[in-house]
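So the structure is just underneath, and the comments pick up after that.
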Number of protein chains: 4
Amino acid sequence: MSGNTFGKLFSVTTFGESHGPAIGCVIDGCPPGLPLSEADIQPELDRRKPGTSRHVTQRQESDTVEILSGVYQGVTTGTPITLLIRNEDQRSKDYGNIAETFRPGHADYTYWHKYGVRDPRGGGRSSARLTAPVVGAAAIAKKWLHQQYGTVFKGCMSQLGDIVVPFQDWTHVPDNPFFAATGDAAVIASMETYMDELRKAGDSIGARIDVVAQNIPVGLGQPIYDKLDADIAYAMMGINAVKGVEIGAGFKSIAQKGTEHGDPLTPQGFVGNNAGGVLGGLSTGQDITVSIAIKPTSSIRTPRPSIDKDGNPVMVETFGRHDPCVGIRATPIAEAMLALVLIDHALMHRAQCGDVKVSTPNIAPSAAP
Amino acid sequence: MSGNTFGKLFSVTTFGESHGPAIGCVIDGCPPGLPLSEADIQPELDRRKPGTSRHVTQRQESDTVEILSGVYQGVTTGTPITLLIRNEDQRSKDYGNIAETFRPGHADYTYWHKYGVRDPRGGGRSSARLTAPVVGAAAIAKKWLHQQYGTVFKGCMSQLGDIVVPFQDWTHVPDNPFFAATGDAAVIASMETYMDELRKAGDSIGARIDVVAQNIPVGLGQPIYDKLDADIAYAMMGINAVKGVEIGAGFKSIAQKGTEHGDPLTPQGFVGNNAGGVLGGLSTGQDITVSIAIKPTSSIRTPRPSIDKDGNPVMVETFGRHDPCVGIRATPIAEAMLALVLIDHALMHRAQCGDVKVSTPNIAPSAAP
Amino acid sequence: MSGNTFGKLFSVTTFGESHGPAIGCVIDGCPPGLPLSEADIQPELDRRKPGTSRHVTQRQESDTVEILSGVYQGVTTGTPITLLIRNEDQRSKDYGNIAETFRPGHADYTYWHKYGVRDPRGGGRSSARLTAPVVGAAAIAKKWLHQQYGTVFKGCMSQLGDIVVPFQDWTHVPDNPFFAATGDAAVIASMETYMDELRKAGDSIGARIDVVAQNIPVGLGQPIYDKLDADIAYAMMGINAVKGVEIGAGFKSIAQKGTEHGDPLTPQGFVGNNAGGVLGGLSTGQDITVSIAIKPTSSIRTPRPSIDKDGNPVMVETFGRHDPCVGIRATPIAEAMLALVLIDHALMHRAQCGDVKVSTPNIAPSAAP
Amino acid sequence: MSGNTFGKLFSVTTFGESHGPAIGCVIDGCPPGLPLSEADIQPELDRRKPGTSRHVTQRQESDTVEILSGVYQGVTTGTPITLLIRNEDQRSKDYGNIAETFRPGHADYTYWHKYGVRDPRGGGRSSARLTAPVVGAAAIAKKWLHQQYGTVFKGCMSQLGDIVVPFQDWTHVPDNPFFAATGDAAVIASMETYMDELRKAGDSIGARIDVVAQNIPVGLGQPIYDKLDADIAYAMMGINAVKGVEIGAGFKSIAQKGTEHGDPLTPQGFVGNNAGGVLGGLSTGQDITVSIAIKPTSSIRTPRPSIDKDGNPVMVETFGRHDPCVGIRATPIAEAMLALVLIDHALMHRAQCGDVKVSTPNIAPSAAP
């Protein structure tokens, strides 16, 4: 209810602040009998962790995960799984100057008004650091979904500021610091240059991220409010800095005619995927395709006009260590949120309709996003 | 849990099917003491109801609402309010031909796979007709929010297919059949012509709808998962045919720099509203601005390739009465969903932080969407 | 959240007041494919309805149920099932004298303080009449549980005031107006005499009800908070006038030793059922046995000291039609609540652990309660 | 949903197992601005911790609590509060003999059937050790309730096996190892002797615990399902080993007449408290009075007939360290559960009806239980 739990049947309650002693989460509802150890989780955390290139925050965190409960003799027991990640590299003094002022575009202002108190160190609870436990929880969800249905998740950055990244192949994603699905060295170089200039200028930039889930049973979702796409939109818009969400054709649907948008069905499967894998709120068995818009980081070095707690005008510049493009590390986070939505709906579907099978007929893989 | 209830503290459970005896909803959590009668609700239902122009479905429904419970001597009692709307103009025989086949782009296929049974008459439960009870429930939410905070809701169609509607003024919205915020007769005429041609062609088209909520307390929302914007995205993506949602600058954020996107604060309020009234998941007190993409109707007269229940190829054409642009009647629905999100968060905020006051300082009205 | 919905996966939202136009409920989460018509529901409503003997309220209600949604061609579709029961025999003038005063032992006082407004006609929302929709919903739950696991429900009154009813056999329950499990005419006659005298005296009396569910899969329930017995206690204590709940040995456990209480296991099943079919919050596969204490009706003709809304002392006597022992009609209600708890846990178990089978080994039927 | 979270608005999610590395909880929904440190929580944990007398388990746990999140500069921030308690004195080898067998009266059997896997060390997740985090969370709830309304909680053991403890005064409770509200040394001595004999015999015994909450606002609770007493019953029946719950007159209500049971109202307050402080599911402002029955410990040294995992007959005797009467340490746990129910309803009431005041008129304190 108070907004720190994601999911109903596979529910993840996160805790912690950017500069507190630890962050983590409690996962309630993981089915019993899943082989699980830290080694299943750490690789996903490593994809998201800071300090892996010069284009992201230089805060040094190993993000080493400890499983505190819910696993016995290497297998999940059906009881809550707790993941704990100790914070290691707090530098709270960097935030002294913003404790009394509000950064334009930052949650500072709204936290202060809501709670009457806030932890200004690194954004406190509003920090994107809090996506780490979610990525950890989603590693477990991904493993279970893969075991049950063969589900796999893919994601990439498809736009950085004005630079549109042409999609080549998913295999390129781990080979560059941007999660770009391209092997074109010139494109990557232009992104590197762009980010270097931005960093020197003390500014930040937005990005677009695409994520896809493949091998999904037909019928996941609810018909009216907990539509699969509605829950995906909720999950994605809940990621820090996201300002827009599209499923399938998304905003392009506005100018499409019905004869163009509706994906025809054939005995061999759907032709096209304007639906993005969801019709009437339920999965079609095609790829789930999602695209999100991420705003530029609000914590920038360039001084900006603002006010202090007393309403007096001030200029605010942010020190501390920040990602000049929060979109760069957002790909594994967006995949994680999609995985959490899908496992929740898979369990719900099992409650409603019994054991779920992946329907093989009538499903054609969609093209790349 | 099973997806027919919207909201936690002001929760609306809808029921019914397009061609069943009745549709309606139960509203649990409406605060006691609110003066309420059918006269508060009917005008909102009338804005949404079918048959009001030649550009929407010609099904004739008066959508007359009856309050079955929760009001005593003209005042809400704090117990559940039930709204009942009898269906009047069912023509189920129109759907004989689609009971055994699946319309491209329609929920037919997914319902069949999920439940193993479906009501094909008018889309059954997946019909946009089920948005009527929600609009009724939201009329109550709007009244309470206005009484508490002076909140008002506005909405318009800003794009119909390729036709972008330049925003002039909210006052024009009721004066044309499209909810367009323009008094330019030429624009309206072009939309009329466009729709007439489309109808003759047996095709359909998408649209963009913008909605705004004004006079909102600061601090509504939750910081991590039940962010105000996340819940708005969930609400909007749950409306039939919606494929994309934006808050504030939305997808334009991708190419914005931090120095451009972050709305400066001044002693007189925010300058600009790229945030769309939400920072860190909490309301800023500015206008909440939302934009959604609506896909073209999937039920069209033009024959389209599909399959039947046995997987055999067929051509499907849809008879029955359908909106050639479901976006036309979507404006009051989008306003309704926004109102339901806001009342839920307003009540939640009251639980967490006590009685809420609208903060007057530091709030500047944003410009039109 | 606002307390008018029971259950999470098979959730029942009730609405209506004793003297409003109608009462009913929306059932969300009923699995698809269950054959269902009013004929499945009406017999359970008839067991509970008023006016069937001189020992209960003489209000005449046929309690005829109408299914408004969720069933198509005689089968549940997985979408919300709405049950509507029109009120037929309101006599609201009977309540004129209590609109300004509070009955000792009645919800009058607390409703007034909570909401600042109340519907005094027949108790408004606090009337036991609101158990009718629940009994209707439970008829559906019972049918599904029986189809899946062969589950059956039994209940009886085991004590009326000081009269303890010796258990003979379940078959006698429908043959007397008290739901007594005895064929001893002398016992029934003593109960009749007792009630006749009580009614003449303008007084009321308490009762004890026992309910049993048989043929339950092993493992339903959750280990910590949503224990099966915890949810049963919640369900039972939520029935109007219930002041105590026991599972299995109940309060007798206080004076039992461990060597006496713990039911031994044998290859043929459990020996004894002090557990009442629940260990560690999970079902054992034995009979679930529950016993509840029901207080005497607070609405009695005998004048009693109280206060009015202004705090002035008054004597209150209640006219209108009331059950002199609300326990008499409570047996089908207690069965209903038990059925609703069990279907919810059965669906939850399916979400967590996949399709459920009734374990045949190690289960021995327990004796009568 | 999966049963490890208690409460909706002040929700406590616990984690951990008896012999895992740690236990703890995440508290979501604590209002901001409450001064809080470990020193507020530790004393409540110390009341519950093991090893404080020879009559309870000799496991040595300091139960030292660490606050991992949600508090900044000594004040709650409105974000999740995490409590961590490291396990210190695991002796898992004691459980080797029961990993393959089931203890009569223990959750062994049901866990095994539900999950197909269980942690046998000290009962794993089903251990009463898991009540420690709840007691910690409730310390925060108690502090907030006291600050808001002056609410105080009291509890005592009123029966140990056949020994009924006459109530003298709450002040005696901390002065004996049984939480008995008596200063009569002979009574305490008889309890000591009783427990010594029982321990020598390798047996266990049940108990009755009474708890009271004083200074409660009028109107907390919901009218139909989330009745205050229903939620209390749920909370109490969820405590390990509880088999019965009573509110107010409880099972004595069965033989009471209406003229006797209904507490009269006077301008000075209620006369009597058969209601136990709840009418129609809502608090009356009187003391909330609750009584629970606790079964004897199932883990006893005396060999008992049972089966192993393969269904073969075996004799089971339990080594390890166990409380011969789990009721002895249950008093602070029962108080804790009552506090968690009340804070949740207090916050819910604030959502529904705005800021709550304790009503001073018409409330008379009830006598001791």
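Placed from the backbone N, Cα and C atoms, the Cβ positions cover glycine too.
Please treat TrEMBL annotations as automatic predictions, because they have not gone through curation.
According to TrEMBL, the features are:
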type	residues	note
REGION	B:42-61	region 'Disordered'
BINDING	B:ARG48, B:ARG54	NADP(+) binding site
BINDING	B:ARG125, B:SER126, B:SER127, B:ASN240, B:ALA241, B:GLY280, B:LYS295, B:PRO296, B:THR297, B:SER298, B:SER299, B:ARG321	FMN binding site
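Remote same-chain partners of the region 'Disordered' (B:42-61), defined as residues 6 or more beyond its termini with a Cβ less than 8 Å from a stretch Cβ, comprise 85, 87-89, 91, 129, 131-132, 135-136, 138-139, 142, 177-178, 192, 195-196, 199, 321-325, 328-329, 331-333, 336.
Comparing B:SER299 (FMN binding site) with B:ARG54 (NADP(+) binding site), their Cα atoms are 17 Å apart once rounded.
Proximity to chain A (Cβ-Cβ under 8 A) holds for B:ARG125, B:LYS295, B:THR297 out of the binding-site residues B:ARG48, B:ARG54, B:ARG125, B:LYS295, B:THR297. Using a CB-CB cutoff of under 8 Å against chain C, the binding-site residues that qualify from B:ARG48, B:ARG125, B:ALA241, B:LYS295 are B:ARG125. With DSSP classes pooled into helix, strand and coil, the tally for the region 'Disordered' (B:42-61) is 7 helix, 0 strand, 13 coil.
Between B:THR297 (FMN binding site) and B:ARG48 (NADP(+) binding site), the C-alpha separation comes to 17 Å. Each of the binding-site residues B:ARG48, B:ARG125, B:LYS295 was scored by other CB atoms within 10 A of its CB, and the lowest score goes to B:ARG48.
Look at the binding-site residues B:SER127, B:THR297, B:SER299 and count other Cβ atoms within 10 Å of each Cβ; B:SER127 has the fewest.
Separating the Cα atoms of B:ARG48 (NADP(+) binding site) and B:ALA241 (FMN binding site) is a whole-number distance of 16 Å.
Annotated pair B:LYS295 (FMN binding site) and B:ARG54 (NADP(+) binding site), C-alpha to C-alpha distance, rounded: 20 Å. DSSP gives B:ARG125 (FMN binding site) a helix state. The Cβ of B:ALA241 (FMN binding site) has B:ALA128, B:ILE294, B:LYS295, B:PRO296, B:THR297, B:VAL326, B:GLY327, B:ALA330 as same-chain neighbours under 8 Å, each 6 or more residues away in sequence. Neighbours of B:ARG54 (NADP(+) binding site), defined as other CB atoms within 10 A of its CB across all chains, total 12. Counting in whole angstrom, B:ARG54 (NADP(+) binding site) lies 20 from B:SER127 (FMN binding site) by their C-alpha atoms.
DSSP classifies B:LYS295 (FMN binding site) as coil under the three-state reduction.
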